[in-house]
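Pulled from TrEMBL, these are the features on record:
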type	residues	note
DOMAIN	12-154	domain 'Lactate/malate dehydrogenase N-terminal'
BINDING	17, 18, 19, 20, 21, 22, 23, 43, 103, 126, 127, 128, 237	NAD(+) binding site
BINDING	90, 96, 128, 162	substrate binding site
DOMAIN	156-320	domain 'Lactate/malate dehydrogenase C-terminal'
ACT_SITE	186	active site, proton acceptor
């Protein structure tokens with residue numbers, strides 16, 4: 001017998017940047033999901049091959065590949081969720097902000113196409129620097145008069161996944177059962193793990209807590225260094241991007257109580273955009289659950305992050321203001 005969920009599990013999802021280091025494994029995970037009925041892949045090269053390859057997998061999602069700007073509109077028509085991992089990866093010695101000029105233009109162009117072709121879609125932005133690309137996407141949507149702050153998400157899920165893994169390692173727990181909210185932004189010291197709100201409850205001496213927090217904040221750089229010029233976090237990011245997308249699809253299908261942290265338009269702090277736990281629903285953000293109770297250690301982390309976060313947000317907004 002069909003339950004109500006089966007009837008609605010017909011999402012059309014687009015991946016923009018589908019042939020890249022994150023895009024390919026992310027597309028594989030989405031193809032593997034019963035939540036997705038149509039998967040459209042877009043990139044500036046190699047997409048037909050990736051689409052042909054994935055199309056042979058014995059799951060029901062219909063896969064189409066779209067290549068180059070002329071085919072971008074077709075990739076987006078009718079999409080309910082658009083995931084954007086497009087852009088250049090970090091190399092050793094680079095900050096996420098060093099990617100700004102290239103990725104800012106890419107995100108602006110892709111969001112412009114979303115505004116024209118699927119103005120009501122949920123946008124999940126992975127392209128770094130997320131602290132600036134989310135404001136960029138928002139300002140582009142505003143220019144088109146289709147901005148809905150409940151539908152634009154900066155995907156910070158990898159920070160949560162890492163925090164869960166590292167806490168579990170230190171405490172000998174099953175990482176699948178650990179849940180650490182991570183708030184703030186998605187770069188360096190703007191990444192703020194709320195260890196005091198971890199479930200199950202965990203405690204660490206202050207030196208361990210400081211080291212753990214630093215490791216979570218710099219975990220991306222750990223991977224960039226280990227790959228020694230061959231890229232940045234792609235497989236773990238694909239996992240995290242898929243996790244966030246599946247949560248969103250579940251919530252859109254009517255599943256209740258779905259909570260994920262994400263970098264979104266926010267009134268929770270003095271920053272215009274801020275990541276906090278969000279209750280997701282049929283129309284995107286149903287309720288911002290806010291920061292909750294912070295420890296003194298965490299309050300200082302939040303205070304210390306504000307300057308950098310505001311600067312990154314303004315940089316993104318200014319980019320769209322000055323666009324030709």
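Placed from the backbone N, Cα and C atoms, the Cβ positions cover glycine too.
Automatic, uncurated: that is what TrEMBL annotation is.
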*Whole-number Å distance between the CA of residue 23 (NAD(+) binding site) and the CA of residue 186 (active site, proton acceptor)?*
19
_Nearest by CA distance to residue 96 (substrate binding site): which of the recorded positions is it, out of 19, 21, 186?_
186
*Measuring Cα to Cα, how many angstrom lie between residue 90 (substrate binding site) and residue 17 (NAD(+) binding site)?*
16
*Hey, what's the widest CA-to-CA gap across 90, 96, 128, 162, the substrate contacts in the record, in Å?*
18
_Sparsest-packed among the binding-site residues, when each Cβ's other Cβ atoms within 10 Å are tallied, from 90, 96_ = 90
*Neighbouring C-beta atoms (10 Å sphere around the C-beta of residue 162 (substrate binding site))*: 24
*Can you list the residues of the same chain, besides 90, 96, 128, 162, whose Cβ falls within 8 Å of the substrate site's Cβ centroid?*
129, 186, 187, 220, 221, 224, 232, 233
*Among all the protein chains here, how many other CB atoms are within 10 A of the CB of residue 237 (NAD(+) binding site)?*
24
*Have a look around residue 186 (active site, proton acceptor) and count the other CB atoms within 10 A of its CB, chains all included.*
28
